[in-house]
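Here's the structure we're looking at; comments come further down.
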């Protein structure tokens, strides 16, 4: 090659690398942006609660009653999250990941912006809190279908050697949304005078969500579907309409694996070569893995050889589908909710109890503790917010570290069992240290505890995705994670408050509560490890299915 062409070739390689990197970044941002918006709204709502309570409820009410009514409206979102997880999980498993993620983002962004546009109680009376509750209901439905679907999508889209890292990006966006929300609330609160905060200042953070939502819609509009979902979908088509399903299946395989380039071969030639491949017998089967790997790598030749190799892989998919059709009914992909609770109820229960500690602990240390330090121990609100902001930022790095360990083959359930054992042993001592009424002690205890929490979040994406098959994966993971976070996590501050009123003890009872939660999660962890070993280590056949070397039905 002439030396004069070297700069041009290097420039071309740089441009191609930049385009690939930009596409990967755009896809990652599209998946995570909905979760960022979800937790941004949560942070803004909690930080601006004094102003929102005054704006949407009558001034004649006492401060306590006004706050109670405000948090009851806020709880509406938590109550409807599991319902949203089932609805959007069903949509995700039937129609596609992209459609579900697009719908949840539009619903979440629209309802958040509309909260910033609502008239107050002084203008429309009782209609103001009613409209606020309706928008919170819509937010709850959208939130229920967002995080789990995004985790499933990123996990399926990631290469087999980075599955957990792909899913954990969404969990990292939880911390990013919280930090972003706290920062915006603090900036607005500092920039707008108190008398104007009640008039219009509280609207600014909600209205700013229009930019995040718009960017998310643009990024998600042309998102691709994952190979695993398309493979499961074609299995359904083959079972319901064998002839049409097989043709459709193979068209999708060609388009997905080699961009439709090999599809330029004539259909007559493909049929003839498929017949020849079928007659080849064991020799063709022996050569199949190499050909399939060529398809997955994109190195398949174009022309006659490409058509022959594709035809052999098509035959492989047909045989696998036919052998599984007797075991699977036509409801595959059509009634995932029904199938989830009839066929996979054990997985649902075990995963729900497995997330007991991570859900309860997160809401206690992130949501309840800063408010308790301010109202009961007298620490300034700015210090408690700064403490939480710093610790959430520091623990953000723990999620990808443990996700990387998972992808490198570290046994997930064994590592999680060790983390839960440490949590069970340290919960009471941590709260006894907080009882010293030292901000430094509280700061360190929150940092240590949120580090343990982030470590488990690094494993959860692959545990949940390996537990549920592809045709109920979004419904199952969505529902289990959302239900545990809403019912076990969201209700934890209320349970702790009730225990404090009943016993008169604040710190010891809270530590005991989290210890019990850790023991429950540890028992569920042992059950998952014993009966569902794929949650501990990903089996080779599951990796092959993700690469396209095995059909999804062969795993059922």
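Backbone N, Cα and C atoms are what each Cβ position is placed from, and that goes for glycine too.
Predicted automatically and left uncurated, TrEMBL annotations should be read as such.
For reference, TrEMBL has these:
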type	residues	note
COMPBIAS	318-330	compositional bias 'Low complexity'
DOMAIN	27-529	domain 'Major facilitator superfamily (MFS) profile'
REGION	309-330	region 'Disordered'
TRANSMEM	68-89	transmembrane segment
TRANSMEM	101-124	transmembrane segment
TRANSMEM	130-154	transmembrane segment
TRANSMEM	166-188	transmembrane segment
TRANSMEM	200-219	transmembrane segment
TRANSMEM	348-369	transmembrane segment
TRANSMEM	381-402	transmembrane segment
TRANSMEM	414-434	transmembrane segment
TRANSMEM	440-464	transmembrane segment
TRANSMEM	476-499	transmembrane segment
TRANSMEM	511-532	transmembrane segment
Overall pLDDT for the domain 'Major facilitator superfamily (MFS) profile' (27-529), taken as the rounded mean: 80
Other parts of the chain folded back onto the transmembrane segment (166-188), taken as Cβ under 8 Å at six or more residues beyond its ends: 28, 31-33, 35-44, 47-48, 147, 150-152, 154-155, 157-158, 197, 201, 204-205, 208, 366, 382, 385, 388-389, 392-393, 395-396, 399-400, 402-403, 454, 457-458, 460-462, 465
Stretch of maximal Cβ-Cβ contact with the transmembrane segment (130-154) [cut-off: under 8 Å; candidates 101-124, 348-369, 476-499]: 101-124
Chain residues outside the transmembrane segment (476-499) and at least six past its termini with a C-beta under 8 angstroms from it: 75, 78-79, 81-82, 84-86, 88-89, 92, 143-145, 147-149, 151-152, 340, 344, 347-348, 351-352, 355-356, 358-360, 362-364, 367-368, 460, 464-465, 467-468, 509-510, 513, 517
Candidates 101-124, 348-369, 414-434, 440-464; stretch with most C-beta pairs under 8 Å toward the transmembrane segment (511-532): 348-369
Range from 381-402, 414-434, 440-464 with the greatest count of C-beta pairs under 8 A to the transmembrane segment (348-369): 440-464
